[in-house]
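What follows is a set of notes on a single structure, which appears directly below.
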Amino acid sequence: MTVSAIEGVGEVEHVLDVRGLSKVYGEGETAVHALRDVDFSVRRGEYVAVIGQSGSGKSTLLNMLGCLDAPTSGRYLLEGLDVANLDERQQAVLRNRQIGFIFQAFNLIPRTTALANVELPLVYAGVGRRVRRERAEAALSLVGLEGRSDHRPNQLSGGQQQRVAVARALVTTPALLLADEPTGNLDTASTTDVLGLFDRLHEAGRTIVIITHDDEVAARAERVVVVTDGRLTEAARR
Amino acid sequence: MSVIEIVRFAMRGLIANRLRSLLTMLGIIIGIAAVILLTALGNGASVYIQSQIAGLGANSITVLPRQPPETAGTDGRPLTSADARALADPQGAPDVASVSPVVTLSATTAAGRATSDVTVVGSTPSYFSGANVQMGTGRFYTDADVEAGRKVVLLGRTVADDLFGAGSDPVGQNVLVDDVPFLVIGTLAPAGQGQGLSNPDENILAPLTAVQGSLTGFGNLSQIVVQARSTEAQAAAESEINSILDRRHGIDGVDARDYQVISARQLADVLDQTLSAFTLLLAAIAAISLVVGGIGITNIMLVSVTERTREIGIRKALGAPPSAILGQFLVESIILSVVGGILGVAVGYAGTLVPLGDFRPVILPAAVVAAVAVSAAIGIFFGAYPARRAARLRPIDALRRE
Ligand SMILES: Nc1ncnc2c1ncn2[C@@H]1O[C@H](COP(=O)(O)OP(=O)(O)OP(=O)(O)O)[C@@H](O)[C@H]1O
Ligand SMILES: [Mg+2]
C-alpha cells in the first residue's frame, strides 16, 4: 500500500462502512464492552448526528472512525480501504488526507498562532509554505476569522477557538469531518455560529458525523443514530 | 514534511521554554568547556616542559655520584678523572661524542666592593655544547686555557650584573673568586628560568685545571657531562656509560650502583608519561560531567514529552507520522547539545586565555572537533529514548491525557 493509493481512492458510495465493530476496554472481570457488534455506514455528503446517553460509547465509535484507536473486532472501510491493513505511518497519512477532527476541547496547539494551527495538517501533508499560507488564510476567512490569524489560542474566545479548529479540520478538504460534541463547551451564540458553519459545509457537499447531547444540534442533521449501551440504532425519521 | 519544518517545530519547542532549554544546555556547556580546558592544560604543560628540556641540551647525559643503598655494604667510589678518561675511549664507548669532567663548588666572588655568591663550574670546552651553554659577550675558554691552567672565567648574567652593574660588559676585568684572582674573558647569555637544579645565570665557568689548582685541589669530580653522537645514539651511549662504570667500580647489580646517569631523554620520557596519564585523568573527570549533562538532556526531554503529550496527540490526530514526532524531539535534543557544545568550546577557549604561572594552555584542534562531534552524539544518544517514547504514543492515549 502506497501513499498515493490512499490519496487517490476512488468514488465509492459510502465514505465509511463499518461491519460488526466491537470495542472492549480492559480484560477479565473489569472488561468494559464499549461497542457491541456495530453496523454503520455513511454516504457521501451525508450529515449524521450521533446521540446517546453519557457513557454509551459515542466517543469510542468516533475514535475508531477517525483511526485514533483500533477496534477489538470488526471491519472498517474508509473510502473503500480496510483500515486494519494499514501500518502506523499509513494511518497517519489517512488521518491527514481523509479526516478532519473537531474536538469538544478545541485541542489547538498552545502558544501557536491561529494561522500556524490551521497550517499544521498541511505541513504534515508536505504542502509548500506559500500555498499553505494561502489555503490556511482561506479556511480562516471561511469561518469568519480573517482578522485573527496572528492570535494565539489564549487570546481567542471559546467560540473563536472552535472556529479555528473547524478551519483546521477543513483545510485539507478531507472526505470526512468528525466532530465530538463540538458545541459542548460553547455558549448559545457561539453554538449558533458553529452550527451555521456545519450547515454551510453540508450544503457544500461535505460528509459530517457529529456527536451531540443537544437535541437542537441533532435536529439540524439529515439523519440521527442513537448509541445505547454500545449498540447502534437508527432514530426514527422526523 | 521537510527537515526544515521539523527543525522549525523543534526551535519553537525550545524557545517556548527558554530558561529550561538554557539550563539544560548549561550541563553540556560546562562538560565540553571542562574537556577543552583540561586537555588544553595538559597539552600546554607538555609543550612547556618539552621546551624546558630542550634547553638542557638535547644529547647530553649527566653522570652523578650516588650513595649506594646500605645493603651494598660500601660507601661507593667517587667519580674521578680516570673515569672520565675511560668514558672518552672510542673503543669502549663508540656512541659518546665528548666527555666533560666537571667540578663545582659554591664560592663568593668580588670585584671592588661588590660581591656575589656563585656556583663555580670547572670543566673543559666540550662542556659548553654538552650543557648547551650560550655565550653573551667575549669568548669561551679553550683547550689551551685548560692545559695551561689559566685562571680565566665566564660570568653568568646575574653575577656580571651584581659585580659590574646591570647590562655591563666586564671582559678584561679581574674578579676574586674566594680571594683568588681570575680574568673575565666573557659572559653568558641570560638563561632566564632555572634549568634543572641550579640557575645558570648565577654560575661562573672556568677551566677545570684552574678550579682544581686554586680552589678545590685535584680530587674527585662533581659530575661528568657526556654528549652522545646523536639523539638516536643516546640510549646506546647510556648503556655504554653504565657498562664502563660498572666495570671500573666493581658493581654487579643496578641497585648497587654508586653513580647515576641522568639524561634529558629520560627526564622527557618520565615527564611525558606522567603528564599524559594526568591529562587522561583530567579528561576522564571532565567526560563524567559530560555524561551528567547528557542525562540532564534525557531528563528534560522526558519532562517535555510528558508535558506535551496532548500536543503530540493533536499532531498525530492531524496526521503527523511517527517519524515527524521522532524527528521533532530528537532535533530538539540535538540542538540543545550541539549549541551547548559550541558555547562550551567558546567558554573553554576563553578559559585558556588566562595564563597560569609560566605556561599557557594550548587547545588541541582535535579536542574541539571531538567536542562538537561528541555533543551531537550526546544529543542523539540521550534524546533517542524520549523521542521514541513520544513517537510511539498511541494517538488516542495521547489525546486523553490531561
Ligand atoms: N480508555 C478506556 N478504558 C476503559 N474504559 C473506557 C475507556 N474509554 C471509555 N471507556 C468506557 O467505555 C464506555 C464508553 O465511553 P465513551 O467515552 O465512548 O462514552 P460517550 O458515549 O462518549 O460518553 P459521553 O457522552 O459522556 O462523552 C464508558 O463506559 C467508558 O467508561
Ligand atoms: Mg464522549
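Here, residue 1 is simply the first one shown, and the rest follow in order.
Any Cβ shown, glycine's included, is placed from N, Cα and C.
Taken straight from TrEMBL:
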TRANSMEM  B:21-42  transmembrane segment
DOMAIN    B:21-243  domain 'MacB-like periplasmic core'
TRANSMEM  B:275-303  transmembrane segment
DOMAIN    B:284-393  domain 'ABC3 transporter permease C-terminal'
TRANSMEM  B:324-350  transmembrane segment
TRANSMEM  B:362-385  transmembrane segment
Please list the DSSP helix, strand and coil residue counts for the domain 'ABC3 transporter permease C-terminal' (B:284-393).
92 helix, 2 strand, 16 coil
Can you work out which residues elsewhere in the same chain, 6+ from the ends of the transmembrane segment (B:21-42), have a Cβ less than 8 Å from its Cβ atoms?
14-15, 275-276, 278-279, 282-283, 285-287, 289-294, 296-297, 300, 336-337, 339-341, 343-345, 347-349, 351-352, 356, 361-364, 367-368, 371, 374-375, 378
Any idea what the model's mean pLDDT is for the domain 'ABC3 transporter permease C-terminal' (B:284-393)?
91
